[in-house]
């Protein structure tokens with residue numbers, strides 16, 4: 001009886017493993033090798049042009065992929081135009097914040113000229129994110145491809161699933177776990193903040209009356225507090241920007257983690273990875289490891305990006321290949 005139970009158990013495990021491999025193998029690195037063999041070169045050229053025009057665009061394109069995958073999976077839903085009831089662009093996480101849509105339009109046009117109706121907007125986001133990292137001095141990885149585009153935005157998901165700059169660490173971890181990512185992914189993907197800028201509105205809560213204390217956030221370096229108070233006066237509209245990784249703004253490296261150790265993380269959601277009570281048991285050691293080794297950071301970042309790109313992709317006959325990334329084909 002015991003042998004038959006063990007056989008049944010291992011058979012079930014084997015079936016689950018086969019199903020897991022089958023689902024994940026639907027995305028492949030050579031998905032367009034016959035249908036659009038030059039797609040990677042076409043996307044790379046457009047991303048290069050965009051970054052040459054504005055260095056910040058690398059961070060913006062990387063962020064678009066992140067904001068896409070956390071809401072209904074990597075289906076390009078974040079790119080859909082509309083209004084406050086039909087488009088993720090109008091949710092608090094994206095409004096006046098998510099950017100780079102015109103660059104994606106340019107990439108899509110170039111790709112369509114090379115091979116019309118073949119490459120999804122979701123895959124374009126994934127490739128552009130990889131190229132943005134690489135062209136900023138970060139690591140290379142082979143992007144898994146074969147995603148299809150979603151048919152609708154997910155407003156409620158965009159409102160609840162995306163980590164916010166004011167979230168405590170346990171909330172951030174929970175949001176990652178909800179899409180199948182773990183604590184290592186939290187820290188390594190937060191390292192994307194080694195490039196890019198943030199508006200005063202995302203961090204000025206730390207500068208004066210943090211959590212009702214009447215004083216700045218004590219985990220923020222006092223010299224940096226003064227600089228940021230000047231940048232973000234009380235009369236500010238909140239739109240001034242500061243580098244997420246001070247003194248290494250445009251280079252994709254491990255300097256972001258060195259800043260956290262020195263109390264110079266810009267966003268509350270950055271600094272909690274090292275300074276919060278919860279960090280001692282969860283994320284602090286990883287921050288220290290990455291601050292000492294760009295190799296460890298790059299390796300984990302690549303693994304986490306591949307995992308994130310595998311969140312609930314539409315494959316096979318699900319979804320569609322949008323002709324225009326901003327609208328579903330039926331409205332084109």
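Using N, Cα and C of the backbone, Cβ positions are placed for all residues, glycine too.
As written in TrEMBL, here are the features:
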BINDING   68, 71, 73, 75, 77, 88  Ca(2+) 1 binding site
BINDING   193  heme b binding site
DISULFID  36-115  disulfide bond
DISULFID  69-74  disulfide bond
DISULFID  121-325  disulfide bond
DISULFID  200-232  disulfide bond
SIGNAL    1-25  signal peptide
SITE      63  site 'Transition state stabilizer'
Long-range Cβ environment of residue 325 (disulfide bond), under 8 Å and at least 6 residues apart: 76, 79, 101, 104, 105, 108, 121, 124, 149
Packing count at residue 232 (disulfide bond) (other Cβ atoms within 10 Å of its Cβ): 23
Rounded to the nearest Å - Cα separation of residue 232 (disulfide bond) and residue 73 (Ca(2+) 1 binding site): 35
Listed in sequence order, residues with CB under 8 A of residue 200 (disulfide bond) and six or more positions away: 228, 231, 232, 236, 238, 239, 240, 241, 242
In the chain carrying residue 73 (Ca(2+) 1 binding site), residues 6 or more apart in sequence that have Cβ under 8 angstroms from it: 150, 179, 311, 312, 313, 314
Extra residues within 8 Å (Cβ to Cβ centroid of 68, 71, 73, 75, 77, 88), Ca(2+) 1: 67, 69, 70, 72, 74, 76, 78, 150, 153, 154, 157, 158
Nearest recorded site to residue 69 (disulfide bond) by CA-CA distance, among recorded positions 36, 75, 115: 75
Cβ contacts of residue 74 (disulfide bond) (under 8 Å, same chain, 6 or more positions away): 65, 68, 122, 125, 126, 147, 308, 309, 310, 311, 312, 313
Inter-residue Cα distance where the pair is residue 193 (heme b binding site) and residue 88 (Ca(2+) 1 binding site), in Å: 22
Euclidean distance between Cα atoms of residue 36 (disulfide bond) and residue 77 (Ca(2+) 1 binding site), Å: 23
Rounded to the nearest Å - Cα separation of residue 75 (Ca(2+) 1 binding site) and the residue listed as 'heme b binding site': 23
Spatially closest candidate among 36, 63, 71, 115, the listed recorded positions, to residue 193 (heme b binding site) (Cα to Cα): 63
Listed in sequence order, residues with CB under 8 A of residue 63 (site 'Transition state stabilizer') and six or more positions away: 98, 100, 192, 196
